[in-house]
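Peer 1: I have a structure I would like to understand better, so I am pasting it below and will then ask my questions one at a time.
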Amino acid sequence: MSHAPKAFRPLHEEEEAVRLARSKSWTSKELASVPLPQTFTAEPTQCATEASLAQFEPRQPTSERWGRLFPLPKWLWNDPRARDSMQSVESEAAEGGSLSQCVQSLGAAATKWRELPILKWGPAYSRSLLRADLMAGLTVGVVLIPQGVAYAMLAELPPIYGLYCSLIPLPVYALACSSMHMSIGPFALVSLLVADSVSTVVPPHDVDDYVSAVMLLSLMIGLLHLLMAMLNMGIIVRYISDPVLAGFTSAAAILISCSQLKHLLGFSIPRGSLPATLFYAVTHLHSTNVTAVLMAGGGIALLHYAKVLNKKYCPSVALPEQLLLLVLATFLVWCVGAHREDSPFSLPVVGEVPSGLPQPRMPTLNMELMFDLLQPALVVGIFSFILSMSIVRTFAMKFAYETDSNQELVALGLANIVGSFFLSYPCAGSLSRSALVANACGKDCTPMHGVFTSALVLLVLLFLTPTFRPMPNAVLASIVFMAVKSLFDMQKPVYLYKVKRPDFYTWVIAFSFTLLFGVQMGIGIGVLSSMVAIVVQSARPNHVLLGRLPGTDIYRDVRRFKKAQHIPGTAIFRFDASLHFANKDYFLATVIQALKSAERRQRRDALLASGKEPDAPKSLPPRPPGGTGRSVAGTSADEASPREENASAACCQGLHADEQMSALIVDFSSINDVDVSALRMLQDLQRTCKERMLKLVFSGCKGPVRDFFSASGFMAQIGQDNVFAQLSEAVKFCARLHAVRTGKHVPGASVTSSPAILPTSSLDDFEEEIAPVAESKRSVTRSRRKSREEAGEPCIPDEPEDPKPKIPSMSLEASVIQDSVEIRARSDTIESTEIDVAYPSLSAVEVLGNSAVSVDIGEGAPPPAPKATHTAEDAC
């Protein structure tokens, strides 16, 4: 055995290492030591605000596309082949092509907008696919024949119409569908919908008129499907939630089973609501046909145990238990003569069935009847498409191939339109039969299996229809009963109750209304309830107050993460929904609530840091009598509008409950859209925050939101420098702002150690801050008096000193005009006070009383040193 040279071994080892590195599932801890690329390790040179992001996202006017000038349907633009063709048309127009050439190119693009799926898989069709499709088609056909006969009776139609529904629609659907495993035909829920909707317009006992109405309904449903495909309405499946479908399906399974009581018991029961049907069946039990009950019970038992034994002893082969039961029961009835009325074992049977193919005929176009069937056509058409599309997506995900919802609409529409000319009632996909296709051939199959199923049904119609005459209705009812048993799922509501209560309530509503008021009412109310749930959830979405996780730049909900740290002077608020007219008031209320919570946390943290026990939150005292009568906005209270007064009152309650809040950050990362009503609320919030000296900052705004802010002028109003790309940048900005406003740092000026007055202080904390100043002034006065006594100068005896410094009683009056604030404080005990202003945005501060300070600060300039004026007499 030859060995590779040593020079090549390191290369092989390196390739093996690379291969192992690619195949291994790495964890974050294992990758922590891997150095980042240079683009990540480089320090940012500027703060990522909206103003700095303009160089990376230039907004250029979008040119009008040529396609917008032509009345083309929306589905044409959604198709990638059509877009490529239209781009060629645009390029031809840009190169100076004539109008006629552009129109011809446009027509050519429109004709090849969509290809039939058969043109994709047809050229690659092989013998192996033929064998797989043949096996799957015959397997489905054996099951479809008894189901079609039984489901036709469920639709209040003669049994032969179930086979008509399995004849023409299947090959038509196979030529136009995008699903490889879907098996369409008669379906229990659709049959129930047809019977429930048409029987209210035409009575079922009038067979000819009833059949004509059903054929017209099938034509209308097919046209509806084509119209939905042209309007790109395949996405409608997204608007029916799973709880609605589950609740409706479970209730429909009960209704289907109750509708078969007349066949299970062997006597006629008038069609009506569920309570009426059960009441009539109980009160007429003396009319029960014992032979029918025994036949139905034996059929149910045989189907149940046959399925159990098949799964236990031969799971790889699908046993056609329904066909076997039908053949055995028909043979037994024929042997004992139970199909004859004079027999002692007589029971209802199918009777005479026309043989041969159905004669094609045009459905009766009665305008009055079409108007009556318009609502049933909408309900049955949309619901049948939703059921079918759910089956299509199930098997497409399982076998990893692409499907097109609009193409499925085209296929179903053509199948129903063509089928209506051959006495076919509305068809839909069947999950059980589609599962048979998947089990028979797996991934290697094509829609051709439907053609072979149709061929088997054709043979039955040509040669075996005379054998249907002694077929017992009780056995067909047992087939329906066992088929819909799987539709009743009580585990779903239990799961929803544990996981999501709103979805559970939606399930209960859909289930209850379907059971009590019928399938059409159940579907409508169920869909409406799901939409109402979405509106309610959107109107009152999740909202959180964010805190910083220690040692990281990650911000999480302070209620979930107990170690999340509050940012001093800053409230970080996140609203997890788009802002619109329905939730703008809730947004404002939750912002105020978040500010209050942040203020309480900040006060508690400050008290704990000083070694004190946190007290109850303090609120602003009422305005003292004899004030200036000016509102917080600097206008007269009589001139303010009610909306402005309400906004001011709300902000007084929430924005200034705490004295040290400097900024409010609204995290827009979860907000996808803002409407005009919400924009007005944001403008009011920004204006009020500006009046209250509270900085309003946005972070994480998405592109459409930024575009809307720019177009509306709100971006200029709030300032591009106050809109940050990342939350961490916004927090750093607000932290620096809070440091400046609290006197810990003033850009370009020296800062005194203890400011004596802050614009947002309440009286309680103002007294706590002024007490050391008063004690300091007393010590200065004592030192001056002592020096004068030593110099022999006369002095006035001072008042006896208190054991504690006397807290002055003061009154504050404040008025804010845009960027200017005017503060007046009156005191009767302070002899002189030195004021340090740590707010560079203030334009004037005036303290009146025994001591007065007047400070003028320019915009953006550091505050000058305060000038104190001593007006009280000295002690000596």
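The count begins at 1 with the first shown residue.
Any Cβ shown, glycine's included, is placed from N, Cα and C.
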Peer 1: Could you check which of 243-265, 473-495 is flagged in TrEMBL as transmembrane segment?
Peer 2: 243-265
Peer 1: For the transmembrane segment (160-177) and the transmembrane segment (408-426), check the count of CB pairs under 8 Å (sequence separation 6 or more) and say whether it reaches 3 or more.
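Peer 2: In contact, yes.
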Peer 1: Quick check for me: are there 3+ Cβ pairs below 8 Å between the transmembrane segment (508-536) and the transmembrane segment (373-396), leaving out pairs under 6 residues apart?
Peer 2: yes
Peer 1: Using a Cβ cut-off under 8 Å, which residues of the same chain at least 6 positions beyond either end of the transmembrane segment (446-464) come close to it?
Peer 2: 117-118, 121, 125, 129-130, 132-134, 136-138, 140-142, 144-145, 148, 163, 166-168, 170-171, 173-175, 177, 179-180, 182-185, 355-357, 437
Peer 1: If you count every Cβ pair below 8 Å, which range out of 134-154, 318-339, 408-426 shares the most with the transmembrane segment (243-265)?
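Peer 2: It is 134-154 that shares the most Cβ pairs under 8 Å with the transmembrane segment (243-265).
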Peer 1: Which listed range (210-231, 285-306, 373-396, 408-426) shows the maximal number of Cβ pairs under 8 Å with respect to the transmembrane segment (318-339)?
Peer 2: 285-306
Peer 1: Between the transmembrane segment (210-231) and the stretches 134-154, 285-306, 373-396, 408-426, work out which stretch tops the count of Cβ pairs under 8 Å.
Peer 2: 408-426
Peer 1: Under an 8 Å Cβ to Cβ limit, what residues of the same chain, 6 or more beyond the ends of the transmembrane segment (373-396), are close to it?
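Peer 2: For the transmembrane segment (373-396), the sequence-distant neighbours (Cβ-Cβ under 8 Å, at least 6 residues beyond its ends) are 178-182, 184, 187, 189-190, 193-194, 197-198, 201, 213, 216-217, 220-221, 224-225, 228, 234, 236-237, 240, 245, 402-403, 405, 408-409, 412, 426-431, 434, 438, 520, 523-524.
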Peer 1: The transmembrane segment (134-154): which same-chain residues, six or more beyond its ends, come within Cβ distance under 8 Å?
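Peer 2: Same-chain contacts beyond the flanks: 160-163, 165-166, 183, 185-188, 191-192, 195, 256, 259-260, 263, 318, 320, 322-323, 325-326, 350, 425, 430, 432-433, 436-437, 440-441, 445, 448-453, 455-457, 460, 468, 471, 473, 476-477, 479-480, 483.
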